[in-house]
Amino acid sequence: MAAESVKSEALPQQENDNGDSKSSQKTVGSNGEAENQSLSKRQRKKQQKQHKWEEERELRKQKRKEKKQQRRLERHSHKEEEGGEVQSSRKRLRRDVTPSALRLLLDCSFDSLMLSKDVGKLHKQIQRCYAENRRALHPVQ
């Protein structure tokens, strides 16, 4: 039991890139975590920076929410100034669909001869065709 509680290992002195020498000792606690007793100056700075970043996470999240709310209010007030029902710029304008005499047929009966990867590619191509057809001035059926 006493052997599990605290173990110390002394590692030989190592030389850093910048010429600093450091001795790193690791202690293993009862839960098995390795803790560095002495860190290099660069490692301490990185650790402090990471700790500060984690502490300010909620603050950044709150600022993003406030900014989003502000943009929403500005859009809403901008709509009211222009008056009435103004469509959002995000939404696609609906066009009058002019019927086309063209008909399109996709024959997928060769899928048994294709690899699964090829079938997936064909699926994506068909999806793109449908998407383009929805946006077309004269969509085919």
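We count from 1, first residue shown onward.
Cβ coordinates are placed from backbone N, Cα and C, and glycine is handled just like the others.
All TrEMBL annotations are machine predictions without curation.
Among the features that TrEMBL reports, region 'Disordered' is placed at 1-97.
If you look up TrEMBL, you'll see 11-40 marked as compositional bias 'Polar residues'.
Positions annotated as compositional bias 'Basic residues' by TrEMBL: 41-50 (among others).
If you look up TrEMBL, you'll see 60-76 (among others) marked as compositional bias 'Basic residues'.
For the domain 'SAM-dependent MTase TRM10-type' (89-141), DSSP puts the residue distribution at 25 helix, 0 strand, 28 coil. Marked as domain 'SAM-dependent MTase TRM10-type' by TrEMBL: 89-141.
Each residue in the compositional bias 'Basic residues' (41-50) gets a DSSP state, and the totals come to 10 helix, 0 strand, 0 coil. The average pLDDT computed for the domain 'SAM-dependent MTase TRM10-type' (89-141) is 83.
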